[in-house]
């Protein structure tokens, strides 16, 4: 067993997967840095140039399919793509496990599809992500080594690898959605299962392709999520009703998550893990508090609980699509406005309280500043998304 685990953690296994998919490291001493020449067997994406530097901006137009990816200590890692189908597929799949997907998919689900589902998805997502992020900083297992692995992402290099929270989030979202809808809407279960497996598999494989995780990291993330879903499933209905259980619920929904974020495991060096965890947990605290506010003050109708009666999925029409996109755009604009205003105000208060120079980026990383401003900002975003935005939709007649 120990030998099997070591083999699954081997960076060479990740490197072999990358090579099979047409991703190769470029030679270290390569005169083609100026964009001249063509690597043997390398292909160029039709009509596009692909060169990225450590700052993530386009730095030129090579004609040979040579790409640059950021690595630690400002080292620029060059790589060659020989199969652009896999390159674009897995780069897109990686985005499905990142924040940009969840800050669009979850609000869209809440405003346009089913607020009951969105609440359940958010709760499970927050639980899974918090456990995964904390596990990383407790286990402290390194990410795959480069070389031999080519690393395509810069931001999360400073984080530890085990477990893959991308794999955890993708598995949690897809299978929670499947379990929560199979008795709520009428659709072929085989189709829903295939979509859940495909979504999870693409995100998991993208973590290998981008060189961010070992096979063991990915399998560990899937296994942990599966265990969490099995253990928590009997309590899902109870969790759904907690929002209306007590007038003191919002106090617990805010104080407990803030305590967990403020006492996050200490790392030997700074990484964005604590900030990301605070963002996710705060958004979850805001969403659950927002649902309680809706129930207590009867601002918005409570989400309908799961029923034994199967509902038919209405056909998608042009009018429904326009209405859904309009509601989404209105909501996102308001959320971004609230986020910016609350973030600026909270930072100003904290800078003044701790007597820190304004606009000091290093100060933002201090525990007593980073956690409170992130928590206040994204709790406000969660409350806004679940209370203010639906009321604005109703005021504008977007129902």
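Placement of Cβ uses the backbone N, Cα and C atoms for every residue, glycine included.
Quick caveat, the model's predicted, so the values are computed rather than measured.
The domain 'Phosphatidic acid phosphatase type 2/haloperoxidase' annotation in TrEMBL covers 119-233.
For 25-59, the entry in TrEMBL reads region 'Disordered'.
Sequence-distant contacts of the transmembrane segment (85-105) (same chain, at least 6 residues past either end, Cβ-Cβ under 8 Å): 21-23, 45, 125, 152-153, 166-167, 169-170, 173, 199, 202-203, 205-207, 209-210, 276, 279, 328, 332. The transmembrane segment annotation in TrEMBL covers 85-105 (among others).
Taken from TrEMBL, the feature transmembrane segment covers 117-135 (among others).
Residues of the same chain lying 6 or more positions beyond the ends of the transmembrane segment (156-179) and with a Cβ under 8 Å from any Cβ of it are 70-72, 94, 96-98, 102, 105, 117, 120-121, 124-125, 128-129, 132-133, 135-137, 139-144, 192-193, 195-197, 199-200, 203-204, 206-207, 212-214, 216-218, 220-222, 224-226, 228-229, 233, 269-273. What TrEMBL lists as transmembrane segment is 156-179 (among others).
What TrEMBL records for 185-206 (among others) is transmembrane segment. Same-chain residues lying 6 or more positions outside the transmembrane segment (185-206) and placing a CB less than 8 Å from one of its CB atoms are 89-91, 93-94, 96-97, 164, 166-167, 169-171, 173-175, 177-178, 218, 221-222, 310-313.
With a threshold of 8 Å between CB atoms, the same-chain residues lying at least 6 positions outside the transmembrane segment (218-236) that come near it are 8, 120, 124, 127-128, 131-132, 135, 162-168, 171-172, 175-176, 179-180, 200, 204, 207-208. Taken from TrEMBL, the feature transmembrane segment applies to 218-236 (among others).
Packing against the transmembrane segment (248-266) from elsewhere in the chain are residues 130, 134, 137-138, 242, 273-274, 277-278, 281-282, 284-285, 288-289, 292-293, 367, 371, 374-375, 379: each is 6 or more residues past its ends and has a CB under 8 Å from a CB in it. Taken from TrEMBL, the feature transmembrane segment applies to 248-266 (among others).
For 278-297 (among others), the entry in TrEMBL reads transmembrane segment. Distant neighbours of the transmembrane segment (278-297): 99, 118-119, 122-123, 125-126, 129-130, 133, 242-244, 247, 249-250, 253-254, 257-258, 260-261, 264, 303, 370-371, 374-387, 390; these residues of the same chain sit at least 6 beyond its ends, with a Cβ under 8 Å from one of its Cβ atoms.
Among the features that TrEMBL reports, transmembrane segment is placed at 317-338 (among others). Beyond the ends of the transmembrane segment (317-338), by six or more residues, the same chain brings 104, 107-108, 111-112, 380-381, 384-385, 388-389, 392-393, 396, 398 to within a C-beta distance below 8 angstroms of the stretch.
Sequence-remote contacts of a segment are chain residues at least 6 beyond its ends whose Cβ falls under 8 Å from one of its Cβ atoms, and for the transmembrane segment (375-396) they are 107, 110-111, 115, 254, 257-258, 261, 278-279, 281-291, 293-294, 299-300, 327, 330-331, 334-335, 338-339, 342-343, 346. The feature transmembrane segment is assigned by TrEMBL to 375-396 (among others).
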The domain 'Phosphatidic acid phosphatase type 2/haloperoxidase' (119-233), counted residue by residue under DSSP: helix, strand, coil:
82 helix, 1 strand, 32 coil
Across the domain 'Phosphatidic acid phosphatase type 2/haloperoxidase' (119-233), average pLDDT on the 0 to 100 scale:
88
